[in-house]
């Protein structure tokens with residue numbers, strides 16, 4: 001039985017009153033986490049050894065969470081003297097969740113905030129970037145969330161639209177802060193400044209307004225979306241950004257092509273030029 005079929009079976013059990021809403025929510029949460037991490041493995045963000053280790057950690061965490069959940073239910077469900085519990089055969093709603101698809105970490109309020117960055121990883125005005133203006137941190141989320149549970153601050157898309165329609169800045173950098181994707185920096189310098197503004201050990205999303213001249217001599221601009229996943233970033237950080245990329249990019253209308261870079265050598269102007277030319281050739 002596939003993971004989707006397991007979830008459907010649990011929903012049917014919930015509708016029939018065979019399991020509680022809390023039981024169903026536990027299964028659904030673990031299913032979402034497992035699906036997201038498998039997608040990260042398929043995207044090549046971890047090798048077989050790393051995948052096997054994270055899978056074991058996931059199975060252990062699922063077992064612990066279910067044990068706590070069951071213990072809590074026993075403590076809160078009073079027994080009536082003289083009564084017996086009906087022998088209702090409940091579907092196995094938990095065991096199927098222990099699939100071969102391990103966990104994608106989901107940000108919660110108790111987890112550390114990604115805004116606590118090392119000083120060397122922060123964007124400074126001296127290298128061509130500047131801290132995002134408060135008007136782009138609206139606190140208002142766009143509808144929906146990624147599979148891994150992250151939402152998009154509306155200001156993150158507003159800034160992109162200004163870059164696209166008004167050429168307000170040559171590049172943008174976003175980060176995941178708490179459970180939101182928010183603007184981190186608005187570009188004010190050239191390509192070198194953009195590269196210097198990417199942190200050395202944390203992932204980021206970025207967009208670059210790339211200018212080029214066609215063979216007919218016509219100047220044009222194409223926006224390139226970048227997933228920055230440096231080798232020194234943690235596996236958890238890479239999975240967090242990888243599993244949210246599709247949802248976030250889907251909110252940005254006007255991206256011409258995409259790149260993924262593990263270090264600065266992947267993100268040369270030559271490589272970006274090739275990405276844009278390949279996009280124009282496909283058209």
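Just so you know, glycine gets a Cβ as well, placed from its N, Cα and C.
As recorded in TrEMBL, the features of this protein are as follows:
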COMPBIAS  82-113  compositional bias 'Polar residues'
COMPBIAS  114-136  compositional bias 'Basic and acidic residues'
DOMAIN    149-277  domain 'ADF-H'
REGION    72-144  region 'Disordered'
For the domain 'ADF-H' (149-277), mean pLDDT (0 to 100): 93
DSSP-assigned states of the domain 'ADF-H' (149-277) in counts, ordered helix, strand, coil: 48 helix, 45 strand, 36 coil
